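Take a look at the structure set out below.
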Amino acid sequence: MKALEEKIIREGIVKKGNILKVDSFLNHQIDVAFLDEMGKEFQTLFQKHPINKILTIEASGIGVAVMTARHFQNVPVVFAKKSKSSNISDELYHTTVESFTHQNTNDVVISKQYLNENDHVLIIDDFLANGCAVLGLIDLIHQAGATVEGIGIVIEKGYQSGGKKIRELGYHLESLAIIDHMDDIKGEIVFR
Ligand code: G4P
Ligand code: NA
Ligand code: NA
């Protein structure tokens, strides 16, 4: 998505450790009109799929998931929760997600009330790095007996392994921007 690449060039800040800060529109302040445009783009990209639910993970996937849902008919957003205690219960689907960026592991849960075998799910998230978050969401969808229809990502860090892993598994993955290279000293960002 050309407008997204331009916005990343204008507003993004490359930090040490290959971290891209996009706090001005995605991860701290939210540019609602711009997220709405991205939501519309996801609807266009996944319109052939019979999607009845959008799934994301708290916190920063929620905004873009909600704006995407606006462009589908009667599709709710469910967000997986990072649970504090190792919260094992009969009422929850449960998985663990390792974060390479934050160097921690989260227990992630979804209530069985909000995901079941009749669901055809579009996964939405803001960043794709090593793919742990998306693979955790896929695991939760499979536990529910539901179907993964596709995965929509705002910014894929193409030099990390997540995109390759998920495409090789055969999923329909669409990233609105794919970064092939970043340089924190020159402040350079190269798109695929
Ligand atoms: P992975 O899920 O693809 O394996 O990614 P990783 O563990 O490396 O990333 C963990 C968290 O860091 C995710 O947020 C992800 O969105 C975010 N992240 C990864 N790389 C970048 C980056 O370059 N810039 C920014 N701004 N975020 C990045 P999270 O743990 O789900 O937390 P939340 O922020 O959504 O609450
Ligand atoms: Na994040
Ligand atoms: Na996220």
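Cβ coordinates are placed from backbone N, Cα and C, and glycine is handled just like the others.
All chains included, 24 other C-beta atoms sit within 10 angstroms of the C-beta of K157 (xanthine binding site). The xanthine binding site feature in TrEMBL is assigned to L20, N27, K157.
Residues annotated as domain 'Phosphoribosyltransferase' in TrEMBL: 48-158.
Long-range neighbours of N130 (5-phospho-alpha-D-ribose 1-diphosphate binding site) (same chain, six or more residues apart, CB within less than 8 Å of its CB): F100, Q160, S161, G162. Look at TrEMBL and you will find A129, N130, G131, C132, A133 tagged as 5-phospho-alpha-D-ribose 1-diphosphate binding site.
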Check: same-chain CB within 8 A of 5-phospho-alpha-D-ribose 1-diphosphate site center, minus A129, N130, G131, C132, A133: V97, E98, S99, F100, L128, V134, L135, Q160, G162
Cβ-Cβ neighbours of L20 (xanthine binding site) (radius 10 Å): 19
Among A129, G131, C132, K157, the binding-site residues whose C-beta sits under 6 Å from ligand 3: none
